[in-house]
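What follows is a set of notes on a single structure, which appears directly below.
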Amino acid sequence: MIGTISEWLWWDRLWLPGNLTWADLKDEEGLVYARASHLYVTVPYALVFLVVRYVFERLIAIPLAASLGVTEKTGYKVEHNAVLEHYFITKSKHPGQVKSTLTQRYHRSTSDSKSPLKPWFYNLREVWNGYPRQSVLDSQYWYYILEMSFYFSLVLRITFDVKRKDFKEQIIHHWATLTLLAFSWCGNYIRVGTLVMLIHDSSDILLESAKIFNYAKWESTCNGIFVVFAAVFIVTRLIIFPFWIIHCTWVYPPDYYPPFFGYYFFNFMLVILLMLHIFWAYLILRMVKMFLFGSLTKDERSDNEEDEEEDGETSVTEDNDGHVKVTNGCGAGGGANHH
């Protein structure tokens, strides 16, 4: 039975165009093609990432955070707040459930202190030149291996890390990313795969930088970096991604080979990714608009770490319309992932 499943899974027509078979992609004369077996090494590398992260946090991150004035949260006994309790009892449709959820979250948050440019880079038609007989470059191999190892380490880490409110979303995101990377590797969509990774990585580093300065209470720096992040996000994911990358994967391939399952599946996944980009861009632009006009009261994104960590400067007020405002730091405090 296992043999039958394997034979169906690796059926040539699912992965390769036309009359090509896996036999046509055997390594020869210095040409090395992508193999699923190449990805096995990501497992031990993911463990190495976990060790490196542990050492980095203990020897570098914690001392650096202390020098920036970021301290660990200490647990406090939950105190009764008559104003908040009255509000949720009178305003909520399910006061008992809301009260229970808030109490559990508060307890948890206060107790868990825990080359050179390649031709296809500027001429996207080169992505499909010779496909799928495209030899894997060393730079492409290591980019894929390190990226997949990193995300696999996140999957391993998140299972025993502090459980944030977006725990399920993070698990889905990480596994979806790994699935896309693995499929593009096995289907030899490596050239376009590296471009997609580059587009996503370019904005993520800015978001993480903004979070660092948010924790250090450098609000002006945090806000400035977040604006730059928002601009880079919009340009790379709502302009370059659909009008260059998806155009490249949807329009150009039929000029080189008849469409097949892998062609449709890969483009379907990219369109799903684009829909997620539009959703995240909407939330990001709302945040930018609110803090530029002085009305940002909390992170609009769904996976905000600050929602689960008590901050001495957090305040809860009620405006004239009866809406609750939660003021807490700058707009980049959330731990959003945008892959």
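Each residue's number is its place along the chain shown, starting with 1.
Note: Cβ is positioned from N, Cα and C throughout, glycine not excepted.
TrEMBL entries are annotated by machine, without manual review.
The shown structure was predicted, so the numbers you read here are calculated from the model rather than taken from an experiment.
A Cβ distance under 8 Å defines the sequence-distant neighbours of the transmembrane segment (37-56), meaning residues of its chain 6+ beyond its ends; these are 141, 144-146, 148-150, 152-153, 156-157, 182, 185. Summarising the annotation, TrEMBL assigns transmembrane segment to 37-56 (among others).
Annotation comment: TrEMBL describes 100-293 as domain 'TLC'.
Residues or ranges marked as transmembrane segment in TrEMBL: 141-160 (among others).
Sequence-distant contacts of the transmembrane segment (172-190) (same chain, at least 6 residues past either end, Cβ-Cβ under 8 Å): 15-16, 25, 33-36, 38-39, 131-132, 134, 136, 140, 144, 147-148, 151-152, 154-155, 158, 196-197, 249, 262, 265-266, 269, 273, 337, 339. TrEMBL lists 172-190 (among others) with the feature transmembrane segment.
What TrEMBL records for 225-252 (among others) is transmembrane segment.
Feature annotation from TrEMBL assigns transmembrane segment to 264-285 (among others).
Residues or ranges marked as compositional bias 'Acidic residues' by TrEMBL: 302-319.
Here TrEMBL flags 302-339 as region 'Disordered'.
The feature compositional bias 'Gly residues' is assigned by TrEMBL to 330-339.
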**OP:** Express the predicted model's confidence over the domain 'TLC' (100-293) as a mean pLDDT, rounded to an integer.
**Re:** 82
